Amino acid sequence: MSTPRDEWPQNRQCWRKKPDYINKLYNRNNDSNYDVAGGQKLGSSVCKPKFRPYDICFNGKRNHGSIGATLRGENKESRIEIQKEWTKGSVLRPGMVLLKNFISHDEQVEIVKVCRELGVGLGGFYQPGYENGAKLRLKMMCLGMDWDPQTYKYGNKRVFDGSTPPSIPNHFSKLVTRAIQEAQSLTEKEYGACNVEDVLPSMTPDICIVNFYTENGKLGLHQDRDESRESLQKGLPVVSFSIGDSADFLYGDKRSVEEAKRVMLESGDVLIFGGESRHVFHGVPSVFPNSAPKELLKDSGLSPGRLNLTFRQY
Ligand code: SIN
Ligand code: MN
């Protein structure tokens, strides 16, 4: 029997030729006024501002010399880093579970590669802004459905450019399912005889918000409460993947930085919050520059920063 990780596509650097399945992930129905490079289509009668999606990778122009040299010097250590097995998970509070180093090196590389390919296409990474004009301190791309920071609503198209969000890749969803199962089994151990679905329900993601934080990136304390009333009432969890640089993550019952608890999220960690923790206030006050695993940067081409994917069920 093959393990779920066997289903993961092979490790490739992110600027190489676009695999066919990437094309299938785009909901291409010619409804956008933009070509894949972000330019306006010739002949389009609708005039919209030029928009070029943000590239989270070095796009092949990166000078790998220094990283290669570093890795040659640290070769043994890097291999240990790559082979590090997933070892621990902890229940932070009812419904909130942290799985340390749950996503393998190859899976992280693949996630970066896929996010990069999707991110430079239709519906790709942009810097979102709130209605008052303030910009979020991150780049964002939505998969499945678009979340609009101007209205705090989900939709099938991105309002500012009319693009349709790419679909969530199947192997991302499978990893989400595996993470929830692991978190549920930890929950059972922690709370003994209970119906684990009452504490941490299962969910099938149809939304993924992908955020990329550069070294000054941050996200203020907030609740995730724009999904459907049913999803929120059931406490269907948010599942968050962290890749690249580490970051501080705050969480608590109030919008108060002083009273919030703090945990560090590192590359490969998965954080899940559902059940009675579904409305927890949370935020990212800071990213730690140059803290990403060197081997990840080398194999994926990820630019300095932190990639975060949050999966939800509408
Ligand atoms: C979010 O709350 O939407 C993102 C959290 C994170 O970046 O870890
Ligand atoms: Mn959030």
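In case you wondered, yes, glycine gets a Cβ from its N, Cα and C as well.
A quick note: this is a predicted structure, and the numbers were derived from the prediction, not measured.
TrEMBL annotates His222, Asp224 as Fe cation-binding residues; of His105, His282, the candidate listed for that same site is His282. Taking the binding-site residues His222, His282 in turn and counting surrounding C-beta atoms within 10 angstroms, the largest count is reached at His282.
When Cβ atoms from all protein chains are considered, those within 10 Å of Asp224 (Fe cation binding site) total 18, not counting its own.
Averaged across the domain 'Fe2OG dioxygenase' (204-314), the predicted model reaches a pLDDT of 98.
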